[in-house]
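For reference, the structure is listed below as structure tokens.
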Amino acid sequence: MANLVIVRHGESVANQLKTYTGWSDVALTAKGRQQAHQVGRQIKDAGFQFSHVHTSLLKRAILTSYIVLEELDQLALPMTKSWRLNERHYGALRGLNKDTTRTIFGVHQVARWRRSYTALPPLLIRSSTARRYRLVPRKSRPRGESLAQATQRLLPYWQDQVVPGLLAGQDQLIVAHGSTLRALIKVIEQISDQAIDGVEVANGEALYYQFGTDLTVLKKGRLALGSETDEEKEN
């Protein structure tokens with residue numbers, strides 16, 4: 001048996017301002033840091049001992065990872081940071097206020113961009129040139145993604161980096177983002193394209209899965225429930 005714990009980063013500045021974030025590299029708020037400490041204590045109380053931690057290339061997730069590991073007194077754990085665990089790329093919506101986008105594009109269209117599994121947001125003209133992505137082939141860097149595309153981006157990392165550890169009986173910790181974790185939950189629980197709309201992970205919330213030797217889910221649950229509004233459910 002092995003356990004997987006997945007954690008969504010604490011509240012970011014963009015969550016606070018109600019703006020689309022995606023691959024924008026925004027900081028945690030004071031509340032977000034507090035949420036990270038709280039979920040770290042929740043995980044410690046549950047008694048998990050991890051072999052590896054996985055996170056994205058975005059500092060809101062990286063810092064949450066470090067705070068959680070500090071609370072666990074496991075700062076020496078091996079950590080892998082991967083662009084494949086980045087948040088879903090919101091394309092040209094990045095940086096826009098969510099209320100403003102409803103006014104410009106309409107409530108129905110914005111809801112479709114946010115919640116549909118296959119809907120694409122308006123794309124950026126160019127993909128990211130940030131130095132952190134220098135090892136990622138230009139053709140692999142998105143200019144905007146549907147949740148389906150973000151899931152396909154995530155899958156190779158899950159299969160190649162996380163699953164082998166679980167199959168070896170080693171507990172794994174993933175600290176990532178709202179949409180990334182929804183995609184992972186969809187894969188683990190085999191949720192339909194339609195039903196994934198109702199799945200949420202709050203800022204500073206941890207979910208756990210206990211797997212059998214064949215990666216069958218034996219047990220699952222939520223360790224901590226953050227407090228957030230509907231506007232904070234992504235990014």
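Just so it is clear, glycine is given a Cβ too, placed from its N, Cα and C backbone atoms.
Swiss-Prot lists 8-15, 21-22, R60, 87-90, K98, 114-115 with the feature substrate binding site, giving sequence analysis as the kind of evidence. The 10 Å shell around the Cβ of R88 (substrate binding site) contains 30 further Cβ atoms across the protein chains shown.
Summarising the annotation, Swiss-Prot assigns active site, tele-phosphohistidine intermediate to H9. In the three-state DSSP assignment, the secondary structure recorded for H9 (active site, tele-phosphohistidine intermediate) is coil.
Positions annotated as active site, proton donor/acceptor by Swiss-Prot: E87. Of all the Cβ atoms in the protein chains shown, 27 others lie within 10 Å of the Cβ of E87 (active site, proton donor/acceptor).
Taken residue by residue with DSSP, H177 (site 'Transition state stabilizer') is part of neither helix nor strand, so it is coil. The site 'Transition state stabilizer' annotation in Swiss-Prot covers H177 and rests on sequence analysis.
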Inset, instruction - Could you tally the C-beta atoms, other than its own, that fall within 10 angstroms of the C-beta of K98 (substrate binding site)? - result: 18
